[in-house]
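In what follows, a structure is listed as structure tokens, so that the remarks can point back to it.
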């Protein structure tokens with residue numbers, strides 16, 4: 001049973017990657033005062049674009065780049081609608097989700113001429129990196145080594161984002177915009193530009209999340225393959241209080257519960273309760289941490 | 001007269017958006033290499049082509065309309081309720097269990113189920129409202145989270161304690177309701193059921209409440225300007241809580257009516273997969289939270305969906321045509337594509353806009 005448990009941790013790490021990346025993107029948006037419900041759509045677009053890029057260029061690097069670019073295009077639309085036209089961000093986010101689902105399905109038909117799913121056995125997925133020394137250490141090697149590069153990138157991104165927010169000048173400015181846009185503007189900060197940059201960077205992260213989804217675990221695209229992961233990322237973001245390291249922890253919890261509920265299916269235990277636990281915990285966490293998270297949502301209330 | 005004028009005004013924008021949505025739809029149809037006119041003809045046939053298809057469209061519009069009405073009230077009061085899905089599912093499962101296990105004649109079962117559905121949906125929604133009022137947990141977040149909990153809980157109930165174990169395949173669903181507890185169909189052999197009448201009556205009722213009662217006035221004031229409303233002596237929390245209860249109650253009713261009128265049992269996923277909740281949100285936005293407008297917009301959105309099903313049956317164009325058209329519709333509505341905006345745009349000196 002011992003090795004079974006360690007593989008549980010390893011599969012947690014794999015499952016958590018798309019959620020973690022998207023949640024970090026959501027945190028960037030929430031830190032500039034924008035509640036991005038469109039994560040689901042952005043990840044889906046990234047997943048599709050990654051497959052397209054891989055199919056036509058044959059290069060995995062270009063595929064990931066293409067995924068990021070496609071998601072950035074969608075987040076450009078999001079930022080233009082919300083910031084440029086002052087449209088309600090929830091509404092635009094919902095619309096982006098529908099649009100992504102519809103357009104990827106159409107594009108699947110138009111580009112590959114298939115229905116439902118596209119799979120090409122010649123197409124290579126993301127390679128598994130075997131870290132030289134660590135790979136040979138018994139337990140640690142199994143957990144840490146042998147993932148796709150994007151998995152490591154995701155963990156790196158959360159640390160980089162932490163450094164960005166709390167150790168750099170631009171990061172402080174971004175936080176200031178989220179806390180009080182009016183005050184930030186009166187200090188001479190270019191709030192609009194910072195907001196747009198944050199949304200576009202969110203697009204990059206979501207695109208990479210999509211690439212991991214379609215090229216990392218399996219090498220295929222199916223219609224609506226995100227299956228709610230974008231919304232789970234949104235919840236992980238809330239639970240982590242939009243703090244990069246908090247999100248790392250909450251995403252790991254979600255990933256672990258996910259992996260656990262798959263494992264529990266074998267024992268005919270009700271998996272609904274394990275899946276429910278992260279949401280319940282998030283609500284409980286809100287009771288204690290309610291003050292920090294006022295920014296994005298209080299804006300929302302007054303916008304109507 | 002004022003009401004008619006307001007209704008017309010709230011219909012101009014949707015019409016413009018529908019045209020743009022259809023144009024975008026034409027683009028994606030062309031991209032797949034199908035005939036645009038032919039596809040839209042199929043869509044029309046699928047939604048309104050004969051009486052059977054038309055009745056299916058109305059049946060699909062029923063839960064969308066009820067959800068949209070609840071959200072219309074919530075939006076008017078300035079509360080953003082994203083929890084319609086959970087409220088609908090919880091209302092539906094409670095109502096189903098009452099309809100199955102209450103030892104009473106059919107009509108009593110129906111009434112008890114309707115009341116249960118309304119109360120269950122309402123209380124679930126009220127809980128989010130209470131958490132906002134008492135602990136300042138943002139509604140936006142709590143309603144979204146409560147969705148998952150409600151859907152997963154209902155899924156547990158029908159896959160373990162209340163599962164239908166009589167069938168050969170162990171599907172996650174309850175047993176069938178007895179015939180007496182079914183909501184009657186409006187026409188024999190057609191899918192539209194009396195839930196549609198309930199929805200229409202609810203729309204008229206809500207219109208009356210918003211327009212002619214003190215509560216409706218308070219809701220309107222609060223939505224327009226919360227500070228002024230409070231200054232004018234309106235109890236913000238009370239109106240917010242009432243609004244949350246009412247919108248959850250509508251969602252619960254939507255789920256109940258769908259079970260009693262269409263499925264006759266609670267099937268796991270049957271209420272979440274068709275995306276009733278988000279479509280209801282769209283219908284509200286399209287109608288600018290006008291209850292009478294909601295009747296038309298929910299039938300319109302339902303028509304896109306049933307029409308797209310017809311398209312998928314008869315052509316190579318996928319069902320998701322409806323998603324594309326709906327999304328573009330909403331993007332245009334949300335951009336406040338109004339004259340004032342055009343004026344502002346002219347003043348600034350036309351900036352380009354790139355909507356997919």
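Cβ coordinates are placed from backbone N, Cα and C, and glycine is handled just like the others.
The transmembrane segment feature in TrEMBL is assigned to A:6-27 (among others).
Feature annotation from TrEMBL assigns transmembrane segment to A:34-53 (among others).
Summarising the annotation, TrEMBL assigns transmembrane segment to A:59-78 (among others).
Annotated transmembrane segment per TrEMBL: A:90-112 (among others), in sequence order. With a threshold of 8 Å between CB atoms, the same-chain residues lying at least 6 positions outside the transmembrane segment (A:90-112) that come near it are 35-42, 44-45, 47-48, 52, 55, 74, 77-78, 81-82, 118, 221, 223-224, 230, 300.
Per TrEMBL, transmembrane segment is recorded for A:150-175 (among others).
The transmembrane segment annotation in TrEMBL covers A:196-218 (among others).
Per TrEMBL, transmembrane segment is recorded for A:230-257 (among others). Residues 8-9, 12-13, 15-16, 18-20, 22-27, 30-31, 36-44, 97, 155, 158-159, 161-162, 165, 206, 209, 274-275, 277-279, 281-282, 285-286, 289, 292-293 of the same chain sit 6 or more residues outside the transmembrane segment (A:230-257) yet have a Cβ under 8 Å from a Cβ within it.
What TrEMBL records for A:269-289 (among others) is transmembrane segment.
Of the ranges A:6-27, A:59-78, A:269-289, the one with the most Cβ pairs under 8 Å to the transmembrane segment (A:196-218) is A:59-78.
Put simply, of A:59-78, A:150-175, A:269-289, the stretch with the most CB pairs closer than 8 A to the transmembrane segment (A:6-27) is A:150-175.
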